[in-house]
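Data first, discussion second: the structure below is written as structure tokens.
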Amino acid sequence: MTATIIDGKEFAARVRAKVADHVTRLKDDHGITPGLAVVLVGEDPASQVYVRSKGKMTVEVGMKSVEHKLEADTSEAELLGLIDRLNNDPEIHGILVQLPLPKHLDEDLVINAISPAKDVDGFHISNVGLLGTGQKSMVPCTPLGCLMMLRDHHGSISGMDAVVIGRSNIVGKPMAQLLLHDSCTVTIAHSRTKDLAEVVRRADIVVAAVGRPEMVPGDWIKEGATVIDVGINRLDAPEKGEGKTRLVGDVDFDSCAARAGAITPVPGGVGPMTIACLLANTVTACCRANGLAEPEGLTA
Ligand SMILES: Nc1nc2c(c(=O)[nH]1)N[C@@H](CN(C=O)c1ccc(C(=O)N[C@@H](CCC(=O)O)C(=O)O)cc1)CN2
């Protein structure tokens, strides 16, 4: 079987276009401009790229973008003070603190200081609890993007056997919750799972989110399964020239694509959906804050 390539770049552009339509409506009909504040602490090069991209795309869809770039040695009190100001700023509907944070900062404490209504990352403990109990919440962007692509490809995923490889709070656990809400039979596998190959071979849907380059080989994949690769791993690529790198996912693309029915590439798969869903979540947060109907098709 030759897999259909699920084009996350193209899908993300469609999501952003829908977001832009909603933003226009919010401005024209209600005089409201959704605002997103992104906080970056330190100089992690990948984080700088993601934050720049978030700011650019926020402006492109017509929203207000505010960036706060703080020194790597910023104190917890200073960061919490900024979050408090953003929580109380009526022009800001979404707040995101870029992760990872420098080691001296307590990530849980910082995330839980964000107002749950403005937590467009969906990482606040209140949103985690709401998602886990099937209530209206802010949904983490990467799993939301994966769900949108699965629904788009399959129509309905109800009754399908899904395996999520990875149990992180940011991707693995919320992904499993979303698949369960869509009536999949869900297994969360991880580094201690016995006979991982056999567990994965049962799955109609495989979501790989372990952070280990090309860990899943093609012979683990059931014929015709859908493979969603969340991994973004940068490897040295001396064949491309000195100091060059290449990106690979958590699955071995070529061998998995030879067996899968559909597969997301890296780059150009799940990654672009993360930022598109952040913009979608900001519009959703803005609508909720103003008691307006939520945009259809942009939430879980
Ligand atoms: N507060 C948050 N921090 C982090 C999150 C998050 O959702 N919230 N996720 C990641 C980083 N991330 C967004 O912040 C992100 C990662 C990757 C991409 C992306 O589009 N990747 C491209 C490849 C980009 C490249 O060349 O390096 C792709 O996969 O095609 C977007 C956003 C960690 N931190």
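Quick reminder: no glycine exception, Cβ is built from N, Cα and C everywhere.
These come from TrEMBL:
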type: DOMAIN; residues: 6-121; note: domain 'Tetrahydrofolate dehydrogenase/cyclohydrolase catalytic'
type: DOMAIN; residues: 140-288; note: domain 'Tetrahydrofolate dehydrogenase/cyclohydrolase NAD(P)-binding'
type: BINDING; residues: Gly166, Arg167, Ser168, Ile232; note: NADP(+) binding site
Those binding-site residues in Gly166, Arg167, Ser168, Ile232 whose CB falls under 6 A of ligand 1, listed in sequence order:
Ile232
So what's the mean pLDDT when you look at the domain 'Tetrahydrofolate dehydrogenase/cyclohydrolase NAD(P)-binding' (140-288)?
98
Report the DSSP secondary-structure composition of the domain 'Tetrahydrofolate dehydrogenase/cyclohydrolase catalytic' (6-121) as helix, strand and coil residue counts.
59 helix, 19 strand, 38 coil
Using DSSP, what's the helix, strand and coil tally for the domain 'Tetrahydrofolate dehydrogenase/cyclohydrolase NAD(P)-binding' (140-288)?
62 helix, 30 strand, 57 coil
Run through the Cβ atoms and count how many others sit within 10 Å of the one on Arg167 (NADP(+) binding site).
18
Please give me the CB contact count at 10 A for Ser168 (NADP(+) binding site), counting all chains in the structure.
17
Report the same-chain neighbours of Gly166 (NADP(+) binding site): residues 6+ apart in sequence with Cβ closer than 8 Å to its Cβ, ordered by sequence.
Gly172, Ile188, Ala189, His190, Val207, Ala208, Ala209, Val210, Gly211, Val230, Asp250
